[in-house]
C-alpha cells in the first residue's frame with residue numbers, strides 16, 4: 001500500500017506541473033501581439049471599430065462613421081466633428097497605413113476613437129485635443145490591451161514618399177534653415193497666395209518658387225488625360241454648329257404656314273374651302289351674299305392632289321377678300337370720332353354725306369335701298385347656310401357625310417336672328433310684325449312732349465326723332481329689318 005501511495009503522489013505532482021505550464025498560454029493575446037500579423041494581417045476596419053466600441057467605449061460610438069481615405073497622405077487619421085448632435089466621422093489614411101504593420105492600424109484607430117468618444121459624451125474639455133481627458137482614456141486602454149497609443153505618429157518616411165512634387169525658391173531663403181527653400185507636396189499645387197505663410201515669405205525673401213521635381217511621366221499622363229477628355233466635348237459642342245467660314249442659308253418666309261391636323265401626305269396639296277358638306281350638293285354662288293361667313297362657322301377643308309381628293313376634319317376657314325368686303329359693308333368699323341365719316345348734329349354723330357371712302361354711305365333713299373338690299377341678301381345667305389347645316393346630316397349617306405346633330409353655337413349670329421324672329425311670330429300670333437306696338441317715327445313727333453324740343457338723327461334710317469324717343473325708335477328700326485329678312 002505504501003508503494004501505491006507514493007506512485008499516486010508522483011503522478012499528481014506531474015499533473016500539477018503540466019497544468020501550471022498551460023495556464024499562461026490560455027491568457028488572451030494582446031491587441032498588438034506579433035502573432036496577429038500572421039493570423040489577420042489585413043483586418044476589417046468596420047469589424048475592429050465595432051469590437052473596440054463594445055469593449056472600451058461602452059457602445060457610445062454607434063452613430064460614428066469610420067472609413068478609409070485614399071487622398072489623405074499628411075496624417076494617419078482624422079476625426080471630423082459635425083455639430084453638437086453627436087455626429088462625427090473617422091477617416092484613416094489608406095496610403096500610409098497600408099505600408100505599416102497591423103499594430104499601427106490598431107493604435108491609430110483607437111487614437112481617433114478616443115477623440116470621437118470625448119466629442120459624443122460632451123466631455124471635450126481639451127482645447128488642444130490631447131489634454132488630460134484624452135490622456136486619461138489613452139492610458140486606460142494601454143493598460144487593458146498592451147498597446148502603445150501616443151499623441152503623435154512616426155510615419156515620416158511614408159509621408160515623404162508621397163511628397164513627389166517639389167518646388168524651391170530662388171531667393172535668399174534657399175540658404176536658411178530648416179527647409180532651405182524647399183516645398184514638398186503630395187499634390188501638384190504650387191505655392192501661392194492661398195498659403196498662410198505666403199505674405200511673410202514675400203516680405204522676407206520675395207523669391208519665386210520653381211518646380212524641380214515631379215513623378216515620372218507625370219506631364220505625359222496629364223496631357224494625355226486632358227486630350228482624351230477635351231476631344232469629345234469639343235466635338236459634341238461643334239457638331240451642330242456651322243464653321244465660321246460657312247455661311248448660313250437664310251430661307252425667307254413664303255407666306256404659307258401649316259394647317260392644324262395636316263400630315264405629310266397633304267404637303268403638296270392645295271387647300272380650298274367649300275360650304276357644301278355633301279359632294280352632290282351644288283356650291284353656293286360666289287357673290288357677296290354667298291361669301292358672307294361668320295368666323296365661327298365651320299366649313300369642310302379639302303386638299304386637292306394629283307390623285308383622288310382627300311378630306312380632313314372640319315376646321316375654321318380663312319376669310320377671302322370677298323368675304324371681308326361683305327363683312328366690312330355690313331359691319332362698319334369706322335370710328336364715330338372720324339370727322340370724315342361722321343359729323344355732329346345737335347350733339348349726335350351723323351354719317352357724313354361726302355362720297356369717297358368705301359366704308360361711308362349716302363343718306364339718300366337710293367343708298368338706303370342698296371344698304372337694305374345688301375343686308376337682305378346677307379341674311380338670306382346666312383339663312384340658306386343654316387338650312388344647309390340642318391339638312392346635311394339627313395342627306396349624307398357615307399361615313400364622311402354623317403355628322404352628329406349638335407346644338408348650334410351660341411356665338412352664331414344666324415341662330416340668334418332665327419330665334420328672335422320665331423319668338424316675335426309667336427308673340428304676335430302670326431300677324432305682321434310691322435303692326436307692332438311701336439308707332440312710326442312720324443307719329444312720335446317731338447312736339448307731343450312739352451319742354452323737350454331737342455331732335456336727334458337715327459343712325460339707321462337718318463330720320464329726325466326726339467331724344468327721349470330714340471331708343472324706342474331704334475328698336476322699331478331693327479324689328480323692321482328683321483321683318484324684311486323674313487319676307
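A Cβ is built for glycine as well, from the same backbone N, Cα and C atoms used for every other residue.
As recorded in Swiss-Prot, the features of this protein are as follows:
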type	residues	note
BINDING	111, 115, 130	Zn(2+) 1 binding site
COMPBIAS	220-230	compositional bias 'Basic residues'
COMPBIAS	236-247	compositional bias 'Basic and acidic residues'
COMPBIAS	280-289	compositional bias 'Polar residues'
COMPBIAS	306-317	compositional bias 'Polar residues'
COMPBIAS	435-453	compositional bias 'Low complexity'
CROSSLNK	302	SUMO2 cross-link
CROSSLNK	340	SUMO2 cross-link
CROSSLNK	340	ubiquitin cross-link
CROSSLNK	413	ubiquitin cross-link
CROSSLNK	422	SUMO2 cross-link
CROSSLNK	423	SUMO2 cross-link
CROSSLNK	486	SUMO2 cross-link
DOMAIN	45-212	domain 'SprT-like'
MOD_RES	230	N6-acetyllysine
MOD_RES	267	phosphoserine
MOD_RES	373	phosphoserine
REGION	219-248	region 'Disordered'
REGION	280-317	region 'Disordered'
REGION	347-379	region 'Disordered'
REGION	427-455	region 'Disordered'
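All features noted in Swiss-Prot, drawn onto the structure.
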{"residue": "111", "record": "Zn(2+) 1 binding site", "Cβ within 10 Å": "23"}
{"residue": "115", "record": "Zn(2+) 1 binding site", "Cβ within 10 Å": "23"}
{"residue": "130", "record": "Zn(2+) 1 binding site", "Cβ within 10 Å": "15"}
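Mapped onto three states, the DSSP output places residue 111 (Zn(2+) 1 binding site) in helix.
DSSP assigns residue 130 (Zn(2+) 1 binding site) to coil in the three-state reduction, placing it in neither a helix nor a strand.
The Cβ centroid of 111, 115, 130 marks the Zn(2+) 1 site; residues of that chain outside this set whose Cβ lies within 8 Å of it are 79, 112, 114, 129, 134, 138, 151, given in sequence order.
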